[in-house]
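K.L.:
For reference, TrEMBL lists these features for the protein:
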{"type": "TRANSMEM", "residues": "16-39", "note": "transmembrane segment"}
{"type": "TRANSMEM", "residues": "59-78", "note": "transmembrane segment"}
{"type": "TRANSMEM", "residues": "156-180", "note": "transmembrane segment"}
{"type": "TRANSMEM", "residues": "192-211", "note": "transmembrane segment"}
{"type": "TRANSMEM", "residues": "223-247", "note": "transmembrane segment"}
{"type": "TRANSMEM", "residues": "267-287", "note": "transmembrane segment"}
{"type": "TRANSMEM", "residues": "307-327", "note": "transmembrane segment"}
{"type": "TRANSMEM", "residues": "333-355", "note": "transmembrane segment"}
{"type": "TRANSMEM", "residues": "367-389", "note": "transmembrane segment"}
{"type": "TRANSMEM", "residues": "395-414", "note": "transmembrane segment"}
{"type": "REGION", "residues": "519-548", "note": "region 'Disordered'"}
Amino acid sequence: MKSQVALAPLSRTFQILMVVRGALVGCIVGVLIAGYRFLLSQCEDMLRAITSQAATSPLIIPLWIAVLVLLLLLLSALMRFAPGTVGSGIPQVEADALGRLDLPWRRVVPIKVLEGGITAFAGLSLGREGPSVQLGGMCGKAVSELTRATEEERRLLVTCGAGAGMAAAFSAPLTGVMFAVEEIHKSFSAPLVIGTMASAVAAVLCTGALLGEDPLIPIRFAFDLPHIAYGLVALLGVFLGLLGALHNRGMFLGQALYGKIRSHLPLSRLAIPFGLAGLCAFAAPSLMDGGDAILEILVRVSNHPTLLLLLLLLGKYLFTNISASSGAPGGTLYPLVVMGALAGALFGRAAVAFLGLDGAYINNFMLLGIAGLFAGAVQAPVTGCLLVFELTGSFSALLSLGLVSLVAYVVANLTKTPGYYEHLLGNLLAHDSDEIVKAPRRSVVTHTWYVNFGSEAEGKRLSELHCPQGSSVCLVTRCGRSLVPSQDLVLEAADGVLFVIDSALAPIAEARIEGLFRPGYPHQANETPSSSPPQEGPSHAARQSPRR
């Protein structure tokens with residue numbers, strides 16, 4: 001099947017079309033995620049109601065164990081029916097946006113919603129944000145299919161939907177946009193930002209209209225930190241960067257250990273977190289589900305013992321690791337937010353005890369802990385900073401949020417620990433899986449690269465580009481105007497260059513073109529070029545392998 005050549009990505013028509021399509025995707029995502037959030041909240045409320053009666057009605061315990069067994073069998077059957085719903089779903093959406101996977105959205109959407117309700121009712125330590133991203137991406141894919149979008153437009157709409165899902169899950173539109181840029185698409189372009197912004201805003205408006213505007217995290221900055229305390233903020237960033245790296249390495253170890261279980265899948269792996277959930281339901285109910293109960297403890301009780309905070313942090317991490325590493329459908333972002341708040345509270349307690357800091361600033365450190373651990377584990381510092389900013393609305397805290405996020409990001413990178421979702425994506429693409437349908441080959445693909453300052457392409461005529469075999473330039477856009485791609489046309493910084501590429505030669509051709517348009521500053525081995533998906537790390541080798 002041949003893909004049509006896309007409209008000029010910087011033309012007015014294309015930008016308006018992306019706004020319309022993005023808003024349509026956002027409205028669908030907003031309604032879907034509102035229903036998904038409502039379903040999960042009802043399941044969690046029912047779980048609390050059941051477990052709270054155990055002390056007065058001992059018969060509830062064996063009955064609940066029987067219910068857990070039934071839920072385990074049902075979830076295992078659903079995961080076999082729709083393997084693309086395994087885990088959070090974020091790596092699958094990234095791979096779909098890269099054109100490496102072709103997830104069946106008609107199957108993924110209803111099954112993912114049902115699975116989310118099951119894991120929430122069972123009490124597994126998983127969040128709703130990852131599944132919301134996958135549900136949003138599948139809505140974008142559905143719109144692209146129904147509107148007969150080109151391959152490049154399809155990838156953009158999948159990214160728009162993923163960003164809208166993130167925005168609707170946290171009620172934070174800017175966070176959704178930046179997450180789509182930093183984590184999903186891993187590139188920055190005008191059509192991407194325009195479309196994702198339209199999707200995110202529409203999704204948050206619809207979700208807010210249906211669920212209300214209650215804050216997701218009931219914590220606020222107490223006072224502005226004095227500038228003398230910014231040294232503590234930097235130190236907190238170091239602590240959170242190391243903690244984020246430790247978090248990721250522990251999760252990777254958990255996945256490796258689960259990988260040794262190879263029979264009766266996925267039932268045999270799911271049995272472990274379900275068994276632990278049965279214990280926690282009556283022994284440590286605050287560790288269950290995403291972590292709302294822990295946040296309530298942090299907000300309502302100011303003099304909780306430090307040992308309790310430490311035990312909650314360790315318990316939440318272990319339960320989340322065991323739940324997520326099993327492949328159970330559910331996200332890790334909200335548990336990560338809760339763990340960040342706990343880590344920040346512990347750091348704030350230490351600063352108060354040993355440095356004489358005013359205890360009123362502990363709330364500040366809890367929120368800084370959320371941003372810093374997000375930046376250290378996910379390695380998306382701007383997204384982490386924007387997330388806390390949007391949830392609190394504090395402009396004065398942007399400086400401290402930016403500082404802690406950047407320091408945590410740098411420290412985590414210095415440990416040479418890959419980002420959590422980057423690692424999952426690499427594993428997904430490195431192994432040929434019979435469970436997930438690989439994207440079909442197309443005879444032609446289109447892609448736009450932007451001329452970066454100092455790149456090899458800047459200042460060159462098109463005739464001097466030496467385009468790789470199987471590729472050709474079909475359009476150049478400059479300041480919103482479409483230019484005829486004559487051989488004498490000199491490329492300038494910020495020009496958009498639309499290539500048509502033979503899909504059989506796409507991996508080699510794209511790698512060469514990316515080298516031409518890469519910025520002129522030095523790149524580390526694990527850096528991603530600014531105009532296209534990543535080519536390094538574990539996913540690089542996978543992307544070069546032929547699709548089946």
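A Cβ is built for glycine as well, from the same backbone N, Cα and C atoms used for every other residue.
Note that TrEMBL annotation is computational and uncurated.
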K.L.:
Hey, does the transmembrane segment (223-247) touch the transmembrane segment (267-287), meaning at least 3 C-beta pairs closer than 8 angstroms, sequence gap 6 or more?
P.N.:
no
K.L.:
Could you check if the transmembrane segment (192-211) is in contact with the transmembrane segment (333-355), meaning 3+ Cβ pairs under 8 Å among residue pairs at least 6 apart in sequence?
P.N.:
no
K.L.:
Report, as numbers and ranges, which residues of the same chain sit near the transmembrane segment (16-39): CB under 8 Å and 6 or more residues beyond its ends.
P.N.:
7, 109, 113, 116-117, 120, 128, 131-132, 135-136, 139-140, 142-143, 147, 149, 153, 156-157, 160-161, 164-165, 168-169, 191, 194-207, 210-211
K.L.:
So which of 307-327, 333-355, 367-389 has the most C-beta pairs under 8 Å when paired with the transmembrane segment (223-247)?
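P.N.:
Ranking 307-327, 333-355, 367-389 by Cβ pairs under 8 Å to the transmembrane segment (223-247) puts 367-389 first.
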K.L.:
If we skip the immediate neighbours and take only residues 6+ beyond the ends of the transmembrane segment (307-327), which ones have a Cβ under 8 Å from one of its Cβ atoms?
P.N.:
79, 86-88, 119, 124-126, 247, 250-251, 254-255, 257-258, 266, 269-270, 272-273, 276-277, 280, 284, 286-288, 291, 294, 297, 335-336, 338-339, 342-343, 345-346, 349
K.L.:
Checking distant contacts: for the transmembrane segment (156-180), what same-chain residues at least six beyond its ends satisfy Cβ-Cβ under 8 A?
P.N.:
18, 21-22, 25-26, 29-30, 33-34, 37, 90, 93, 96-97, 128-129, 132-141, 143-144, 149, 191-193, 195-204, 206-208, 213, 216, 333, 380, 382-383, 386-387, 389-391
